[in-house]
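Take a look at the structure set out below.
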Amino acid sequence: MRHPVLKMEGISKEFPGVKALSDVSFELYPGEVHALMGENGAGKSTLMKILSGVYSPTQGTIRLKGKEVTFGNPLDAQRQGVSIIHQEFNLFSNLTAAENIFIDRPEMVGRFRRIQWSKMYDEAQRLVDSIGGGEIDVRQEVRHLGVHSQQVIEIAKALSFQADVLIMDEPSAALPENEVKKMFDVVNRLRAQGVAIVYVSHRMKEIFEIADKVTVLRDGAKIDTRGIEEVTEQSLIQMMVGKEVGQLYPVREQKHDQEVVLKAEQLSLDSAHNVSFELRKGEILGLFGVPGSGTHTIAERLFGLRRGTGEIIIHGTAVKINSPSQAKAKKIAYVPPDRHRQGIIKPMSIRQNLSIPMLPQLSKYTVLDEARIKEMSKEYMEKLRIKAPSDGQSVDFLSGGNQQKVVIGKWLAANPDILILEEPTRGVDVGAKAEIYNIIHQLAQEGLSILLISSEMPEVIGLSDRILVLYKGTIVHEFAHGEADQEQLLQRASHPLSEGGCL
Amino acid sequence: MSAWASRFPLKGNKLIVQMLLLLVIIVLFSFLSPYFLTVTNFMNVLNQMVEVGLIAIPMTMIIISGAMDLSVGSILAFSAVCMGVAYERGIDIWISMIIGLLAGLLCGAVNGYLIARHRMQAIVVTIGMLVMLRGLVYVINQGRPISGFPDAFYFMGQQYIGFIPVNAIFLVVMFLLASFVMKKTRFSTYVYGIGNNEEVVRYSGISVVRIRFILFMLSGLFSALAGIFLVSRLASAEATSGTNIELDVITATLIGGTHIFGGRGSLSGTFVGLLIIVFLRNGLNLLGVSVLYQAVILGALLLLAVGNKKFNGE
């Protein structure tokens, strides 16, 4: 009987107000590829952050090769044999591959603090060769290397620490299709060398191709660990999704034969290919796909942040939208996915944030009409129930939910016909979520046409009148109201060729 | 003392701290030099600060927006020499003046086009313009000073209304106007917004390109204005005019509490910062301190003022 290289027992992690993980246990054996799956927010990333030394657990123990360990920080974890490769690579593009592998390592420094270049290059080349990266010249600067080669460098760096455990976070997300195979070759070599690999991914197909075991997390708890031969795609999804969608979502009345407000025809640009759809008055149209499927690209195209081919037709007339200001003029509003970077100006007041898109209408000869601005901000603070002592407060001090309401509010004030919502409840607590869902529902009742893009399946299913599923930039399926459940949705979005959706 | 300090925390009272510093400088030099605290001297100081002051207006706005314009001194000289050459060719002085202003606007437009439209780094672009325009100034006029302007033109830089210099009145009016713009108009919200988070302004459907372009046009225009006032005051347009003026302008802006990375700052602060450096210079001059030591003292003041977190109200 082999002994586990890693044993996590009873791990819990609490953040102020949230329990991210409760009593999770996880075992990892040498030479196995162990897939970790779960929906967004299930606790995968928290567990991996604990394992790689970013967080320390509130409760529970980690045993590495039988010895109990604690990690002070990621470097500490790396030295003790646990390395993580993030979705976004952490490489210095202006340094050589070898320098990246051995950066800040005393063993490469010789007498008089000189770097032992030849030793470093030899050692780096040996590591890279050992995982099948023979075609990579480690003397090359990283920026000249392709994505796959960069990933190999990351893995080599992890191995240079004598890694026993390697965590790969969505390793295929950054890779083009033809390079995924090469990555699997690398993973197979590592497995043969006895490295234990945690493979975090949303992509079903890959899990079945590469993993030996799979552990599913849901709502911060472990559901089960099983051998890959014991599960099917269906049963995995069932485990990930669990219970049915609750009362978070308002009941939507179906209206038919409403006029078409927005028509997208053959929209194409980088990840999106010939995307066509219609959005009707008062409708909530869900757009769902895994990261990289093109949903974000479509939103950016519609709001004029990016240009591409194809036609956008609003109220029957083809329009050109080449900038956000043109989109605004056509009464399109966009609540972007990252509110900190794209939604709010933190040091500025709620009032200023709410009024920014509408300032041309709220000023005379460019002089601000303070009275009307105050009136407007009061109106939207009440309408959206933004909780703050006054509208003069800086948005920095608001909770995530209230900040998100400010972002929605600033666009409602602009009185749009079409509202694009992308990840409208990211980083928002459950109470505020329900409020935001109610607001979205209310707005659609009032005749606003809404395009809802979200990676949270329950949200898309609970709110949308229709759902379009994107896979690799094309629409592969349309669900009518009430037709979709999470299993089918995930299946269509991750593996459209299987006919499992008809089961 | 500590009770007093806690009752009037420095936090948020940046302007008061700056005014106190100004007061200390004025009181100090009043004791050190008998000539310092006289109306004549004060008016002299005001008369001489106009060029730096005019340029400090758009500079404050640009720094608030998170950028920088280092080409102002060269634009000043370029506009001044353009005006001088036009006048020498027999063009009416007022039309020559407009030519000078247009030259400044053009330079600002080039800066703005490259920085706003092509998203080039403001520092790089304006250093390029600084070097290029200064060279061009020498090329246009072979480095020869131009003088002999009509008396009516000297009114702007040398005349007094009552006992106040005309150009100082103009500067104060400009500051009041700009202050109004930076407090009460939507332009100001955009400028502060861009300085804090450019992406959000863009995602709000506002053309960041246009705002940035306007800012650099303003900078060109005000640099040209400063050039014309300088020629009027010194009665001569020279190729060396305005050399290193950008350092004075930026020093005044930073001492005035504008944040070098943008997002925060005010014109009233800049005005006080301006007074601080001109009175300090003037006082040191009266004491016979060499220009070289003055530079040392000014530099040290900048380090103290901007490096000191208390002074910055942080």
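Cβ from N, Cα, C; glycine included.
Annotated features in TrEMBL:
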- B:15-36: transmembrane segment (TRANSMEM)
- B:42-63: transmembrane segment (TRANSMEM)
- B:93-115: transmembrane segment (TRANSMEM)
- B:122-140: transmembrane segment (TRANSMEM)
- B:160-182: transmembrane segment (TRANSMEM)
- B:213-235: transmembrane segment (TRANSMEM)
- B:255-279: transmembrane segment (TRANSMEM)
- B:286-306: transmembrane segment (TRANSMEM)
The transmembrane segment (B:42-63) and the transmembrane segment (B:160-182): do they have three or more Cβ pairs under 8 Å, with pairs 6 or more apart in sequence? yes
Of the listed stretches (B:42-63, B:93-115, B:122-140, B:213-235), which one yields the highest count of Cβ-Cβ distances below 8 Å with the transmembrane segment (B:255-279)? B:42-63
Answer with yes or no whether the transmembrane segment (B:15-36) touches the transmembrane segment (B:213-235) by the criterion of at least three Cβ pairs under 8 A, sequence separation 6 or more. no
Best-contacting stretch, by C-beta pairs under 8 Å, relative to the transmembrane segment (B:93-115) and drawn from B:15-36, B:122-140, B:286-306: B:122-140
Who are the long-range neighbours of the transmembrane segment (B:286-306) in its own chain, taking Cβ under 8 Å and residues 6 or more past its ends? 21, 29, 32-33, 35-36, 41, 251, 254-255, 260, 276-277, 280, 312
